[in-house]
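To keep things clear, I will list the structure first and then write my remarks on it.
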Amino acid sequence: MLPTLVLVGRPNVGKSTLFNRLTGTRDALVHDLPGMTRDRHYGRGRIGGKPYLVVDTGGLEPVVKDGILAEMARQTLQAIDEADAIIFMVDARAGVTPQDKVIADRLRRVTSPVLLAVNKAEGMNRAVVTAEFHELGLGEPLAISGAHGDGIADLVAEALAPFPEEEEASDDFGVPKIALVGRPNVGKSTLVNALVGAERVIAFDQPGTTRDSIYVDFERGGKPYVLIDTAGVRRRGKVFETVEKFSVIKTLQAIEDANVVVLVLDARENISEQDAHLAGFVLETGRALVVAINKWDGLSAEQRDDVKRDIGRKLAFLDFARFNYISALKAKGLENLLKDIEAAHAAAFIKLSTPKLTRVLEMAVEQHAPPKNGLFRPKPRYAHQGGKNPPVIVLHGNALEGLRDDYKRYLESSFRKAFKLQGTPLRIQIKEDEGKNPFEGKKRAPLSESEATRMRRKKRVRRKVYGAD
């Protein structure tokens, strides 16, 4: 599983700015008002051969007993307990504050490594600016600037030092490894029990990690599956005696480790921002996806229409996924759900031959040629498969850097229809390996003496005829 870095610190020390720097995005809301990051935000990053997850917490205000700031602090404490490494951020310009001391006291009791990052240190002497932060007792402070990127590479390298480089992804078709994800109380626990059944549970902690994610082997209809259970710890013989809890870190890790993700939604609740964030993260990781709308029973026809409209409006970017309307409690719709899981798994690991891909590409171009972009019209010539889980299709041709996004979506749709790639994201990559100017980037060779003489002679003639160079 990918290591998880958790950013903690009091409000307004620059956690969201560092998050954006580490993930190359601007997903976290950045504002100068304390408390603007209300929920934990999460993303992926990479340094060298090491990918990682980043969780940006709300500001930790230990003195607040209730209200939204107390809820932010509670979520932060949960993230601290589950992190692989913690980056504790302080403000170089504000110095050590009483809140910093309280947070440091809490962090000294955790088992995960803690790195002390002194942010907003741009233009300042590093030795001087970090000196007073030694009193926090968290090791050597590291001066950084999230806004300017100073010291960020060293910070991340130190945080990831204990973790190995990413292993090459397997292309094996294997058994569907399913992660059920979703907000609390949408029915994940009930769905786990409905799918597995008490008599078939084989639960064990994943080796090599400190997580309490549970892997459950089960069979259904004679077919084997592996379920990654994020709904709560399940011990042998106590499958039904659990309280569902939501853990962002375990959920993100499960998505990374799965090859099919089932996003569970509550039909009686509107689609939330958290639902959309989870769906977007699944899309970003490239995992096959099936959506299960639970608690469908008991809704009127009018209510069902409202739910479908809400889904169509807020999850339109999941047009590749299949949607299942189920009742986990009454075990309705589960067979179709498993069929769609199988289909999504097969699509994610499909083998696509170069001749067939090229034939589909040629037919798509013949029906609708790429529009010109500037002086040249892009000319896709052939395609081959560049990866699985998700499938990657690499296009070759001339002037392909001019392919517009809408035309790439058209090609993606053509490939999906031809190969029935339902349930998995599809990546289109461009390889500009033909039709380039062979002299691009090369300097003109200096003129020989005779060439220079002829050039001067031509210039003299032009002056006599035209009166200028």
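We count from 1, first residue shown onward.
Placed from the backbone N, Cα and C atoms, the Cβ positions cover glycine too.
These come from Swiss-Prot:
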- 3-167: domain 'EngA-type G 1' (DOMAIN)
- 9-16, 56-60, 119-122: GTP 1 binding site (BINDING)
- 176-349: domain 'EngA-type G 2' (DOMAIN)
- 182-189, 229-233, 294-297: GTP 2 binding site (BINDING)
- 350-436: domain 'KH-like' (DOMAIN)
- 432-469: region 'Disordered' (REGION)
- 432-443: compositional bias 'Basic and acidic residues' (COMPBIAS)
- 455-469: compositional bias 'Basic residues' (COMPBIAS)
Going along the chain, which residues six or more apart from Gly182 (GTP 2 binding site) have their CB under 8 A from its CB?
Lys188, Leu263, Val264, Leu265, Asp266, Asp275, Leu278
Using a 10 Å cut-off on CB atoms, tell me which of the binding-site residues Lys15, Ala121, Trp296 is the least crowded.
Trp296
Do you know offhand how many angstrom separate Asn12 (GTP 1 binding site) and Asn185 (GTP 2 binding site) by C-alpha?
32
Of Gly9, Lys15, Thr57, Ala121, which is closest to Asn185 (GTP 2 binding site) if I measure between C-alpha atoms? They're all binding-site residues.
Thr57
Average the pLDDT scores across the domain 'KH-like' (350-436) and report the rounded value.
90
Determine the most Cβ-crowded residue among the binding-site residues Thr57, Asn185, using a 10 Å radius around each Cβ and all protein chains in the structure.
Thr57
Quick one: Cα separation, Trp296 (GTP 2 binding site) versus Thr57 (GTP 1 binding site), in Å?
34
Taking the Cβ of Lys188 (GTP 2 binding site) as centre, how many other Cβ atoms lie within 10 Å?
24
